[in-house]
Amino acid sequence: MLKSLILASASPRRQELLNQIGLKFITDPSDIDEDMPATADFGNLVAELALRKALAVSGKYENGIIIGADTIVVLDNEIFGKPADRSCARKMLSRLSGCWHSVFTGVALVDAATSHSINQFEESQVKFKNLTESEIQNYIDSGEPMDKAGAYGIQGKGALFVEKICGDYYNIVGLPLFRLNNMLKSFGINLL
Ligand SMILES: Cc1cn([C@H]2C[C@H](O)[C@@H](COP(=O)(O)OP(=O)(O)OP(=O)(O)O)O2)c(=O)[nH]c1=O
């Protein structure tokens with residue numbers, strides 16, 4: 001029997017990415033407290049947060065596979081989550097200007113019937129062009145930065161800031177599809 005899939009995320013980007021690969025799923029966002037412990041182990045941090053999101057939702061279901069994810073941007077060992085306000089977005093974008101930074105996304109799968117879980121992370125690197133004051137201002141005025149880690153979306157107008165990337169593009173958008181596919185395979189779900 002095909003197991004049902006539940007995406008424990010409110011992120012529209014993650015929903016679009018699952019649609020892109022033809023997954024049938026329902027969405028049931030978790031509302032966990034995303035407080036981050038002080039750590040430089042960014043990969044394990046996002047993997048842990050992804051698992052917390054999936055576990056928070058799995059208790060509601062008798063069966064099915066729950067998918068959780070968490071994305072952060074890291075520059076000089078500092079975590080950039082979603083900006084709290086416009087001034088925070090401005091600070092993040094000014095810091096990212098002209099620099100390479102990392103994007104970490106953690107992914108977790110939980111089998112609701114057995115509580116069996118796996119969680120992993122993916123890291124990609126992104127190089128921003130030098131941003132002008134007016135580019136930062138206009139970008140903030142577009143409203144795009146506010147619900148995104150690091151205050152930008154590579155899949156939107158944020159693409160205009162991205163000179164180069166190294167790694168999985170989809171990981172930057174919020175879900176590393178190559179890794180997710182391998183994780184789903186290990187749970188007996190084959191997409192192709
Ligand atoms: C860097 C980057 C992040 N993002 C988004 C992906 C995530 O939605 C968001 C990071 O916040 P998250 O806390 O990972 O996710 P979320 O709050 O949107 O959803 P949920 O907790 O319910 O799963 O930043 C982009 O859309 N594009 C980008 O280029």
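Here the Cβ of each residue, glycine as well, is placed from N, Cα and C on the backbone.
From a predicted model like this one, the values you see are computed outputs, not experimental measurements.
Lifted from TrEMBL, the feature list:
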type: ACT_SITE; residues: ASP70; note: active site, proton acceptor
type: SITE; residues: ARG13; note: site 'Important for substrate specificity'
type: SITE; residues: THR71; note: site 'Important for substrate specificity'
type: SITE; residues: GLN155; note: site 'Important for substrate specificity'
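Annotated features, which come from TrEMBL, shown on the structure.
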residue: ARG13; record: site 'Important for substrate specificity'; contacts (Cβ under 8 Å, 6+ apart): GLY153, GLN155, VAL173, GLY174, LEU175
residue: ASP70; record: active site, proton acceptor; contacts (Cβ under 8 Å, 6+ apart): GLU34, VAL46, LEU49, ALA50, LYS53, THR105, GLY106
residue: THR71; record: site 'Important for substrate specificity'; contacts (Cβ under 8 Å, 6+ apart): VAL46, VAL103, PHE104, THR105, GLY106, ALA149, GLY174
Let me know how many other Cβ atoms fall within 10 Å of the Cβ of GLN155 (site 'Important for substrate specificity').
17
How would DSSP class ASP70 (active site, proton acceptor) in three states?
strand
